[in-house]
Amino acid sequence: MTTVEMGIPTVRRSVSLAGRPDVDHLVDRFGRVARDLRVSITEKCSLRCTYCMPEEGLPAIPAQNLLTASEIVRLVDIAVHRLGVREVRFTGGEPLMRVDLEQMIAGCAERVPGVPLAMTTNAVGLEHRADGLARAGLTRVNVSLDSVDREHFARLTRRDRLPSVMAGIRAAARAGLAPMKINAVLMPETLSGAADLLEWCLREGVTLRFIEEMPLDADHEWARENMVTADRLLAVLGERFTLTEHGREDPSAPAEEWLVDGGPATVGIIASVTRSFCSDCDRTRLTAEGTVRSCLFSDQEIDLRSALRSGADDEELAQLWRGAMWNKWAGHGINADGFAPPQRSMGAIGG
């Protein structure tokens, strides 16, 4: 058992499968099945959002510790064909920081045809790569965007890059990377502009989802008494729009949806803290260093990279992955007494 850098939790090379049923898919002890794979491919980012990264950025992961494009393609292949994963999303950091992203997408598209390949991005620089990514096989993008006011955006991200983001969003739409969703983190600093952001999304024809801020900030300054809840947001949006509760599009979807002014447009709210959906979670996460993380808030990761580079075959890697998910917690525990946030920030884990 070894410990690695950046405050990463204990990394194990084996796990207990005691009591696990003899099935191929990624089932856990609470009956949940992981079908949605999030693959973080870098810790680097072109922005410095206050809730995600410190101003100086995250410590660089040594190049030899990062999964290569071919290694990621192989693990995605295993996840789909041996473990039952049905959707793959590439995250960061910022995925566009990888110069081999198109190669990675193309390799996955060839190995797992028909499986949706999505990406969460800040869209900085996307205008130059949207067409190539679409040709490689990328299906759609979610864009992280907390404000459409340039000055406010610069304060939140510590970078004046809103024009590039807007150009990237338009380029993605032209390239057919749809349906596109905008993700915005709920904070006191973003609440006043929430209605303006929704207005902009309605005009642009993209779906907006607000996400309650979780204790995953790099500076570890999150405090429950300062967080903006889903109920508070609904009250603010209700001053400008008529919102009608619409529920979830499927039980495992994290966002509760509301019709806006009678529909068909909707706005989603992911109330990760106040309305936890852990009991329906269907996600499994692969970090940029090649470890499986069963939950954003897990204190352990299972090392696939070492096994992969030591000659493990596909079934051996799949079995390690199954063990990681079998031991997934019942929930994130944010509301429990004695909760301790993970040392990894969201930027280091991958969204």
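Going from the start of the chain as shown, residues are counted 1 onward.
Positions of Cβ are set from backbone N, Cα and C atoms, glycine also.
For reference, Swiss-Prot has these:
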DOMAIN    29-254  domain 'Radical SAM core'
BINDING   ARG38, ARG89, THR120, LYS181, ARG283, THR284, ARG285  GTP binding site
BINDING   CYS45, CYS49, CYS52  [4Fe-4S] cluster 1 binding site
BINDING   TYR51, GLY93, SER144, MET214  S-adenosyl-L-methionine binding site
BINDING   CYS278, CYS281, CYS295  [4Fe-4S] cluster 2 binding site
Original post:
Expressed to the nearest Å, what is the distance separating ARG285 (GTP binding site) and CYS49 ([4Fe-4S] cluster 1 binding site) at their Cα atoms?
Top reply: 22
**OP:** Would you list, in sequence order, the binding-site residues among CYS52, ARG89, THR120, LYS181, ARG283, CYS295 whose CA lies within 10 Å of the CA of SER144 (S-adenosyl-L-methionine binding site)?
**Re:** THR120, LYS181
**OP:** Just name the most isolated of the binding-site residues CYS52, CYS278, CYS281, CYS295, going by other Cβ atoms within 10 Å of its Cβ.
**Re:** CYS278
Original post:
So among the binding-site residues ARG38, THR120, MET214, ARG283, THR284, who's got the most Cβ atoms within 10 Å?
Top reply: THR284
Subject >> Where the record names ARG38, ARG89, THR120, LYS181, ARG283, THR284, ARG285 as binding GTP, the maximum Cα to Cα distance in Å >> reply: 21
Original post:
Using Cα coordinates, what distance in whole Å links CYS295 ([4Fe-4S] cluster 2 binding site) and CYS52 ([4Fe-4S] cluster 1 binding site)?
Top reply: 17
Subject >> Helix, strand or coil at MET214 (S-adenosyl-L-methionine binding site) [DSSP, three-state] >> reply: coil
Original post:
In the structure shown, with every protein chain counted, which of the binding-site residues CYS45, LYS181 has the densest set of Cβ atoms within 10 angstroms of its Cβ?
Top reply: CYS45
Original post:
Could you give the Cα-Cα distance between ARG38 (GTP binding site) and GLY93 (S-adenosyl-L-methionine binding site), in whole Å?
Top reply: 12
Original post:
Tell me, by DSSP, whether CYS278 ([4Fe-4S] cluster 2 binding site) is helix, strand or coil?
Top reply: helix
Original post:
What's the CA-CA gap between CYS49 ([4Fe-4S] cluster 1 binding site) and GLY93 (S-adenosyl-L-methionine binding site) in angstrom, rounded?
Top reply: 11
